[in-house]
Every structure is written in structure tokens, then in C-alpha cells.
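Here's the structure we're looking at; comments come further down.
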Amino acid sequence: MPCEGCMERDNVSTGATMEFLLLGFSELLHLQRFLLFLIFLIVHLVTLAGNMMIFMAVVMEPSRSPMLFFLCQLSAIELCYTLVIVPKALLSLVLVGGSPISFLGCAAQMHLFVALGGAECFLLAAMSYDRYVAICQPLRYAALMGRGLCLRLALACGLAAFAVALGLTVAVFRLPFCRPRRIDHFFCDVPAVLHLACTPSYAPELPLLAACVLLLLLPFLLILASYVCVAAALFRATPAVGRGKAFSTCVSHLAITFLHYGCATFVYVRPKSSYSPARDKVVSLVYTNVTPLMYPLIYSLRNKEIRGMLRKMLRRKKIAQVN
């Protein structure tokens with residue numbers, strides 16, 4: 001049933017000219033916003049630099065293992081992920097009273113955010129399969145994890161996430177929105193936009209639930225199955241030294257998986273009635289700023305191959321500067 005203050009979009013031009021207002025952190029004082037802007041900016045620049053260094057180091061490496069290939073894809077996703085969200089968040093801290101965003105701009109931001117986040121979920125599942133093959137079937141690793149399979153897995157991760165994100169975005173932006181169309185967030189997140197929908201039923205949450213099943217639950221079950229097999233194989237391994245060495249190759253991936261899925265599950269897997277703008281913004285700050293920063297730190301500290309490639313890349317740069 002339509003409600004008072006709703007605007008039904010009967011044609012394309014109405015939707016194209018509609019605007020939302022991202023309130024961001026307008027409730028904070030001017031000094032608090034300035035400090036948050038500086039923190040955001042520093043974290044954003046460090047995140048871009050860290051992921052760019054890992055991406056360039058892997059690209060410049062002539063012989064790349066499948067895990068490094070997937071890590072390169074993960075760094076590229078994180079670069080795009082932060083560029084989609086953080087610039088608008090920085091703008092909302094500068095502008096007093098919120099930052100306007102068009103209907104199409106909001107839809108595009110939501111679609112890219114969900115698609116990149118979903119691609120990361122699928123990519124983490126592909127990386128867990130790589131660890132499963134490396135530990136459970138080491139003799140067949142080179143034959144199973146060939147370059148062709150890695151490329152197909154990376155392409156499938158991107159296309160599947162893009163398709164699910166497109167379906168979710170279309171379903172959300174077909175809803176009527178109540179006036180005033182103020183989004184109490186610093187970007188067009190799905191729960192924040194759904195909170196503006198003029199629908200008393202829980203029907204609008206069904207596309208989000210379906211997307212959570214496809215983008216969160218399905219990859220998580222694949223990751224869980226892979227690591228159950230890995231744990232069983234490591235439990236059967238007799239030498240404790242070899243068991244510890246094999247497990248250490250999984251620590252970085254497990255840490256990133258827990259970070260990504262922990263935040264995403266907290267925000268998206270819950271009913272609309274429990275929506276809290278202030279709490280959501282805090283959690284969103286973690287998974288759009290802190291988590292992408294942690295990825296290069298975790299991998300550069302835990303992965304010897306990454307550390308070796310970064311040293312080689314810096315050495316090449318010094319030699320080029322001397323010459």
C-alpha cells in the first residue's frame with residue numbers, strides 16, 4: 001500500500017532526476033569531522049599504497065603461483081572497493097548538512113559495492129580451494145591448479161557477483177521511497193536505502209536475503225568444507241613440524257575470511273526492524289576502511305613470497321634510480 005509522502009516512479013525521467021541526501025557524519029561537531037576526515041584520508045592513502053604495491057609486485061613477477069594470482073585479484077578488488085566508497089565519504093565530512101547523490105549515482109554505487117564485495121567472497125572461496133588442493137592433493141596440485149582454471153575461476157567470481165548485485169540493485173531501486181529521502185549513512189548501503197522504502201511488509205528484504213545466501217552463505221559453506229578437509233588431512237599428518245608449516249600457509253587467508261565475513265554478516269544478515277544507523281556506520285567504517293588496510297598488512301607479514309617480491313620490486317626501483 002502506498003503511504004503518505006511516497007513517490008511512485010512511473011517513468012524513467014522521474015527516477016533520473018530524483019536525489020538522495022547522504023547525511024554521513026553530520027551529527028558530529030566541526031572539529032570532530034575534521035579529525036575524522038584526516039584519519040579517513042590517511043587510512044585511504046595507506047590502503048591504496050599497500051594494495052597497489054602488492055598488485056604491482058605480483059604483476060611484475062614472471063612465475064606466479066595460483067595463490068599469488070588470486071591475491072593479485074584480491075588487491076585489485078580492494079583498490080576498486082575503496083575508490084567506490086571512500087571519496088564520497090570524505091566529501092560528506094567536508095560538506096555541512098550532508099552530501100547529495102543522484103538516483104542513478106546511488107544505484108551505481110550500491111551495485112559496484114555489492115558486486116565487488118560479492119566477488120571478494122567468491123574469490124576467498126577460490127583461494128580456500130587452492131589451499132585444499134595444495135595440502136590434500138599436493139602431487140596433483142600443478143595439474144589441477146593450472147593457469148586456465150585460475151583464469152576461469154577469477155572470471156566466474158566477477159561475473160557471478162556482478163549478476164547477483166545487478167538483481168539486488170534493480171529490486172531495491174524499484175521500490176517507492178518516502179520523503180524526505182535522507183540516507184543516514186556515508187554511502188548508499190543496502191540496509192540504509194531499504195530503510196527509506198514505503199512498504200510495511202518484509203517483501204523488500206527478500207532480494208537482500210537471496211543475495212546474502214548467494215554471496216555470503218554459499219561461498220562460506222565452500223570455505224568451511226575446504227578447511228574441514230584441510231584440518232582432517234593435517235590431523236592425519238604425523239610430523240608436527242610439517243603440520244605447523246602447512247597450517248601457517250592458511251593463517252593469512254583465514255584471518256581475512258573472518259574479517260570479511262564477520263562484518264558482512266553483522267550488517268546484512270538481520271531483519272529490517274533491528275536496523276540502527278549509528279551502529280551500522282561504525283561497522284561500515286571498519287569494513288570499508290580498516291579491513292582493506294589490514295589485507296596487505298596481513299599478507300605482507302605472513303606470506304614469505306609476498307615479502308620476497310616486495311623486496312625485489314623495491315630493489316629494482318633503487319637500481320633504476322641509481323642508473
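Placed from the backbone N, Cα and C atoms, the Cβ positions cover glycine too.
The following features are taken from TrEMBL:
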type     : residues : note
DOMAIN   : 50-299   : domain 'G-protein coupled receptors family 1 profile'
TRANSMEM : 34-60    : transmembrane segment
TRANSMEM : 67-90    : transmembrane segment
TRANSMEM : 110-129  : transmembrane segment
TRANSMEM : 149-173  : transmembrane segment
TRANSMEM : 208-235  : transmembrane segment
TRANSMEM : 247-270  : transmembrane segment
TRANSMEM : 282-301  : transmembrane segment
*For the transmembrane segment (67-90), which recorded stretch in the set 34-60, 110-129, 282-301 gives the largest number of Cβ pairs separated by under 8 Å?*
34-60
*asked:* Looking at the domain 'G-protein coupled receptors family 1 profile' (50-299) alone, can you tell me the average pLDDT?
replied: 84
